[in-house]
Amino acid sequence: MIISAASDYRAAAQRTLPPFLFHYIDGGAYAEYTLRRNVEDLSQVALRQRVLKNMSDLSLETTLFNETLSMPVALAPVGLCGMYARRGEVQAAAAADAKGIPFTLSTVSVCPIEEVAPTIQRPMWFQLYVLRDRGFMRNALERAKAAGCSTLVFTVDMPTPGARYRDAHSGMSGPNAAMRRYWQAVMHPKWAWDVGLNGRPHDLGNISAYLGKPTGLEDYIGWLANNFDPSISWKDLEWIREFWDGPMVIKGILDPEDARDAVRFGADGIVVSNHGGRQLDGVLSSARALPAIADAVKGDIAILADSGIRNGLDVVRMIALGADTVLLGRAYLYALATAGKAGVANLLDLVEKEMKVAMTLTGAKSISEISGDSLVQELGKSLPAALAPMSKGDAA
């Protein structure tokens, strides 16, 4: 098997994983238009090639929330990570730690906070959802703080689960889902042995520790469905500040006014994100949303971005559009499913090499030199031509 890009890991993961797991991470909401646009829009961002610039002292190092990162990349929070490789969160965290970048543990991880945090040298980040059960939220915040987590990533674009039609077809949900998942596991012996048998327990560690009992996949679906809170508002975030005094990042921002609200609230960062196209189909891609948000709050708050990033070139594009750092999600999960820690480590090496090539050929010696000037622009407009709003003729 030849691996030269994240797309190769995706193909390998599809062969390795039972369909219900592959399509759970690979799919999006509704007809998946936003899922596709995340990738397509970003791929159309054109960079300015510059030559004869003496790029011998190129550096990818950057600083975020008083942490030094070897490159402006962090691993995004991904639920059920431990179902994609044996104790998957531990393996992914180890790869990120070795690379010198942050790993973000999801609320709905298989491995609990207390299992992952002691295995790495640098502080990990912790992601928390807006949930009705405030007791759980407080418990999770206290445990994250006790484990030395440095940054809280608070996901706000999930007051209700998205409509993910692919899950019903794949066996993650829908009629006879448990039986369908069982037979899929039987037909994928590599996964069944490595994860199905030797990756136990398969409960959601952070939730189990709070409830005092194991939580399987059906429990996970039911517990989340009953606990997402559509009543959340900015006032609720003030409550969280009572229990968390470290950096707080608001994840799920697509509108400049919401970004300004995050600044007014006193958040330390935002993630420009549409949840990887998994929540509301038809919203802007992150690449389209990012420039206007950067115009509104750049310099007032740290800007992170995710959704659609598949390689190092995409990282450079996102930074040129206005991000300070990006989050990788699906790309690293494909690598994790294929080859565990080694797969994630190799993917991060590929991203680093791709970034160096892009920066060398655009004349940017450092991350701070990647800016809107790195983009090919249309008649002096601040928004790249490929991402400019469609005209009526284009829409037809």
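Backbone N, Cα and C define each Cβ position, glycine as well.
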Per Swiss-Prot, TYR24, TYR129, ARG278 bind substrate; matching candidate in ARG164, ARG241, ARG310, ARG317:
ARG164
Can you tell me how many other Cβ atoms are located within 10 Å of the Cβ belonging to ASP306 (FMN binding site)?
26
Quick one: of TYR24, SER106, ASP306, ARG310, GLY322, VAL326, which binding-site residues lie within 10 angstroms of HIS275 (active site, proton acceptor), measuring between C-alpha atoms? Sequence order, please.
ASP306
Count the other Cβ atoms sitting within 10 Å of the Cβ of ARG330 (FMN binding site), across every protein chain shown.
25
